């Protein structure tokens, strides 16, 4: 019945219109280097609060899938990834462009991205509901350990320095404690300001930390792209059946990698793409072709990028834990709609779960048609001057933060965290652990308190429940591995300096 209700909601012309708008905005954001899917969704979320949940998520899902796909366009045409996930696309995509095969490369990017998106959605449909039944058996100790695991994973792989990631993670946890205590209701760190009783507005903070701060950083570092050479020879070679057969099996394998990595808290498309590309190159009979215009290498990177989305949604919907910064924002959007992500969502809001799955399918179908027909036209986006984009983002940041609660205090919060984000970026402090720390603090704190109550003040629950021990063990292991890797890298850098 819920599935039928989801299909009925999608027949609504306004839902399809907002999905198309999301796909178009995503294609613009993804194509332009410096604008990311995370930034786009952070700016768009406040505007969706005026819509119903189906229309709002139609726009967000369309933008997310489209931005990840179109990030490969600039990677292929001008050797600059439009989004971080497209970094591996530059290796073979730009080589094909230099050889006069830009059209073929763009077609592979579109078909590969859609294949990854649809394949991961299929896995989402198959496994999400069974996994939700398993997670329904989780108690407070398991959710506490899961929250710790998610945070430690982000700290472990969230940046180049473990200490910097740890600092940002702790900062996020501390900022999240501002407001009323969820257990006893006591006010913490409000300093008598009534605007802080409910805590820091998550979306306002995101707009500043992930949206406006990026624009301020680009202005501070004087990054421009308005005068790039975009006189590209697209060529006439089209994708054909023999090419599709050649890239099919590697695409299936890379989709699996993308889904698995995407389901891991904190692991994003860039990490998945690097892992998938590296493994494929090792297993290939012709590894020397990779990085020199390999069609298989290009397909692998494109497929992996979009397959991460389905994996991240599995974690978000079944566990209520963000797989990356985008799903962190989507969790904030769900909470704003009055929906708590996690296992309970599959019983209390099953229609919305089915709707999200159907929107994933529709978004990828639209991207396939749009991409094959309009990619050459979309390359014209690269001629837009960055100054115009900066002004637009600043305006949307101000309007969006004010529209959350019609409060100037939220605008102040947005501006404050944009400055904090700018300082963090300049000093190479990762924002991912900060965002995840802020989001996971209520989960960690409330479930820890509940666990103490259930165990009559004893901390035995930390080692008396197998799943809790498993998650906490993984948490310790992830930090230890990260410390070992960082130590080895530091030694290698010292050796290089000594040799020079």
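Note that Cβ sites are derived from N, Cα and C of the backbone, with glycine treated the same way.
Those TrEMBL annotations? Automatic predictions, nothing curated.
Keep in mind the model is a prediction, meaning the values are calculated, not measured.
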Range annotated as transmembrane segment - as stated in TrEMBL, picked from 295-319, 320-344: 295-319
Annotated range (TrEMBL: transmembrane segment) out of 64-85, 86-107, 196-217: 196-217
Contact yes or no, the transmembrane segment (143-163) and the transmembrane segment (352-373), 3+ Cβ pairs under 8 Å, gap 6+: no
Stretch-averaged pLDDT - the domain 'DUF112' (16-436): 82
Other parts of the chain folded back onto the transmembrane segment (170-190), taken as Cβ under 8 Å at six or more residues beyond its ends: 151, 196-200, 205, 433-442, 444-446, 449
Remote residues contacting the transmembrane segment (295-319) - C-beta distance under 8 A, at least 6 residues beyond either end: 64-65, 68-69, 71-72, 76, 85-86, 88-89, 91-93, 96, 104-105, 108-109, 112-117, 119-124, 127-128, 131-132, 135, 146, 243, 246-247, 250-251, 254-265, 268-269, 272-273, 276-277, 280-281, 284, 289, 326-327, 330-331, 341-343, 345-346, 353, 356, 360, 364
